[in-house]
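Engineer: Before I ask anything, here is the structure I am working with.
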């Protein structure tokens, strides 16, 4: 933490107006290092009110596709409750929202865009509030949040919503229908068409991730998710959804309220997982038990300028600090987080040691284990409430879901947890990561403004 404070002190000196004093030019932190790294960065400023902050982040429960709680729910009815929640729970006038961006993957783009627009109307938004979708596959929900943060930072609007939605009960993972003959002459293009399970096997084989390591990761995920559920942690982030369940035999509809993740198996153990056969290769190590679940779910995140949140008296859940998207070899797309996290952390002016919590999507245990080992992460900081192997992975919603899970956990931990990272691999060979700061983690070295009446920095300066 001392290193982080020193970096922030030097950073603020770079960003302050020129004064008649000098600072230590021998510092290892320079303006070039402070600037955004690689291809993506989120510039800090010394203007306290210029921070992009999160004031609300909620999700639905995550349910098993085709047989879970949302199997008979329409996509627009799944998205509407979380859009409504971020407005109602903050008492925000919906007409003040500048844009809504929804990450979504599998449904045809134009159809899903209309469904999202319909959901906004159900949630109480007026016709004047626009909405669009974004698709960067498994990172789509996080990309939506990053897009809104960037738009607020650019001054396009002051308030926006980044959301995510996937109804895998209805929208199945598709395949390219008309294969281009050129693809066989471009190895990486060909590998974009590999089934995700085969890329998992490639990671396990290339980097020596064993079946036992993968199964143990799955056990840990289920145990942590079960413990979080039992302790009531997820109640802070889950919005109950009133929907229906249709009896497949009689067709009779039964009204239900879905408020608990239904994919968690508390009794998962190495013995039971060890009996499962490989799902993609006869001699493989990836099984139905150590891969993410196919799921239905939605999530929404309300972002705004800090100055707007302060004016409205809204509590600040988190601060959006940086974002990075990177490309990797499509044949081992699962390594994406190991490549994306370092530049995202660097862009925030931090080191990996400064990060207190991680939410890394568990697309497959093979890639999850590899990324932890590659970055030498403390397992006690990663997916402390379980991940996609236990909760499920509704593709477009996962990134936004992780924002809700991470920020509520950081809030619970308080002063001992300042910075958090969300990351995931992306089909066709990419990775994405974002850095967040706990909302109340402000001091004279962070998010401060220069007081005109005093010679010191104060977060309360006018």
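Cβ from N, Cα, C; glycine included.
Fair warning: this is a prediction, and the values are worked out from it, not measured in the lab.
Annotation comment: Swiss-Prot describes 138 as active site, acyl-thioester intermediate. Residues or ranges marked as active site, proton acceptor in Swiss-Prot: 393, 425. What Swiss-Prot lists as substrate binding site is 427, and the listing cites similarity to another entry. The annotation transit peptide is assigned in Swiss-Prot to 1-34.
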Engineer: If you count Cβ atoms within 10 Å of each one, which of the active-site residues 138, 425 comes out on top?
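Structural biologist: Buried the deepest by this measure is 425.
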Engineer: Would you mind listing, in sequence order, the residues at least six apart from residue 393 (active site, proton acceptor) in the same chain with a Cβ closer than 8 Å to its Cβ?
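Structural biologist: Same-chain residues close to residue 393 (active site, proton acceptor) (Cβ under 8 Å, separated by 6 or more) are 138, 292, 293, 294, 295, 361, 362, 363.
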Engineer: Reduce the DSSP letter at residue 425 (active site, proton acceptor) to three states and note it down.
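Structural biologist: In the DSSP reduction, residue 425 (active site, proton acceptor) maps to strand.
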Engineer: Measuring CB to CB from the residue listed as 'substrate binding site', give everything in the same chain under 8 Å that is also at least six residues away in sequence.
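Structural biologist: For the residue listed as 'substrate binding site', the qualifying residues are 137, 138, 196, 333.
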